[in-house]
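Trainee: Sharing a structure, written as structure tokens. Questions coming.
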Amino acid sequence: MHFLQNAFVAATMGAAPAAATPLEKRSCTFTSASAAKSGKSSCSTITFDNIAVPAGETLDLTGLKKGTTVIFEGETTFGYKEWKGPLISMSGTDITVKQASGAKINCDGARWWDGKGSNGGKTKPKFFQAHKLDESSITGLKIYNTPVQGFSILADHLTITDVTIDDSAGTSKGHNTDAFDIGQSTYITIDGATVYNQDDCLAINSGEHITFTNGYCDGGHGLSIGSIGGRSDNTVNDVTISNSKVVNSQNGVRIKTIYGKTGTVENVKFEDITLSDISKYGIVVEQDYENGSPTGTPTNGVKVEDITFKKVTGSVKSSGTDIYILCGSGRCSNWTWSGVDVTGGKKSSKCKNVPSGASCSD
């Protein structure tokens, strides 16, 4: 499930900065996306003051100077156009991204929402492309109503802290509004995220040394590993998803792999996860996805081993299923299963190749 022509003001002295050496410290305030694109390399601190990004353009913050700080002030908005985006793209090393008190990034996704997401209808822009944003941090952003996917992460040593993505206005027509999609990344930490959306709160398609903790996920598809298989990188290793709540969502926690494809999911921990009002599956592991949907027939190409479900507890709606495990023969192994207590839904009679220690009837 997977992302500038006028005013430029130098904040400190009121004059536009000259070309900067790595040792120079210059603070720049931009009020247009075009000025930011042309002037970003001259600034060690970049402030966006109520910036309105024109329709069909990306707020281009790629190739920032090492050590740059980016601050969003006021309300950041985007013009309407049917296009793929992203609305914001950022890359660089040792970049600090934060938001001033009271500021917000308003994508106004309702202009694109048509109930089809990225599967048809209007072409919708993805929100934030964090590719090659390495050894960096994003803190405190408040983001509203992404048209489709939120953060596309392909980075090393990126920490995202206390970010809110509020797509709650899209309950009716929002679709594919994944909050955090991670691929080909290492040492990613997402701490304290608050998400209201209509798709995965977290989706890890590949990567290693990834932590998601202290999260709150409301309205979407839950906390997901996958789908795994069919990409250039099909390995997920050393992931911890912990101390989080998933409410009013389709799934609680899940691992899904692609029918007939190969890959590896290993050393994944789901710990201290609280579920509430889950409509489909509390815990789900499926090795049968094809063309985005389950087939009911698992295949053996992806191994799912050294998986921990510890203190995953809470409620599923009566129309849903507490736990569903559908593994290929011998492909799910060495699982740790403790303190799991998911209730309220049905007990599945269709589980297959459940590894020792796990259970579809807990």
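Here the Cβ of each residue, glycine as well, is placed from N, Cα and C on the backbone.
The signal peptide annotation in Swiss-Prot covers 1-20 and rests on sequence analysis. For C28-C43, C201-C217, C327-C332, C351-C360, the entry in Swiss-Prot reads disulfide bond, with the evidence type similarity to another entry. The feature repeat 'PbH1 1' is assigned by Swiss-Prot to 155-184. Residues annotated as repeat 'PbH1 2' in Swiss-Prot: 185-206. Annotation comment: Swiss-Prot describes D199 as active site, proton donor. According to Swiss-Prot, the repeat 'PbH1 3' annotation covers 207-227. Taken from Swiss-Prot, the feature active site applies to H221. What Swiss-Prot lists as repeat 'PbH1 4' is 236-257. What Swiss-Prot records for 265-287 is repeat 'PbH1 5'. Positions annotated as repeat 'PbH1 6' by Swiss-Prot: 299-344. The N-linked glycosylation site annotation in Swiss-Prot covers N334, and the record cites sequence analysis as its basis.
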Trainee: At 10 angstroms around each C-beta, which of the recorded positions C28, C43, D199, H221, C360 has the fewest other C-beta atoms nearby?
Mentor: C360
Trainee: Quick one: find which recorded stretch in 236-257, 265-287, 299-344 has the most Cβ pairs under 8 Å with the repeat 'PbH1 2' (185-206).
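Mentor: Against the repeat 'PbH1 2' (185-206), the leading stretch is 236-257.
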Trainee: Measuring Cα to Cα, tell me the gap between the residue listed as 'active site' and C332 (disulfide bond) in whole angstrom.
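Mentor: Here the two Cα atoms lie 23 Å apart.
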Trainee: Give the one range among 155-184, 207-227, 265-287 whose Cβ atoms make the most pairs under 8 Å with those of the repeat 'PbH1 4' (236-257).
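Mentor: It is 265-287 that shares the most Cβ pairs under 8 Å with the repeat 'PbH1 4' (236-257).
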Trainee: Please report how many Å separate the Cα atom of C351 (disulfide bond) from that of C28 (disulfide bond), as a whole number.
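Mentor: The separation of the Cα atoms works out to 58 Å.
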Trainee: Using the structure shown, find which entry in C201, C217, C327, C332, C351 (the disulfide-bonded residues) has the sparsest Cβ neighbourhood within 10 Å.
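Mentor: Fewest other Cβ atoms within 10 Å, among the disulfide-bonded residues C201, C217, C327, C332, C351, is found for C351.
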Trainee: Can you tell me the CA-to-CA distance separating C217 (disulfide bond) and N334 (N-linked glycosylation site), as a whole number of Å?
Mentor: 28
Trainee: For C28 (disulfide bond), just give me the three-state DSSP call.
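Mentor: DSSP assigns C28 (disulfide bond) to strand.
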Trainee: Sorry to bug you, but what's the C-alpha spacing from C28 (disulfide bond) to C201 (disulfide bond), rounded to the closest Å?
Mentor: 34
Trainee: Relative to the Cα of C43 (disulfide bond), which of the recorded positions D199, C327, C360 has the closest Cα?
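Mentor: Sorting the recorded positions by distance from C43 (disulfide bond), the top entry is D199.
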Trainee: For the repeat 'PbH1 4' (236-257), what does DSSP give as the number of helix, strand and coil residues?
Mentor: 0 helix, 19 strand, 3 coil
Trainee: Any idea what DSSP makes of C332 (disulfide bond), helix, strand or coil?
Mentor: strand
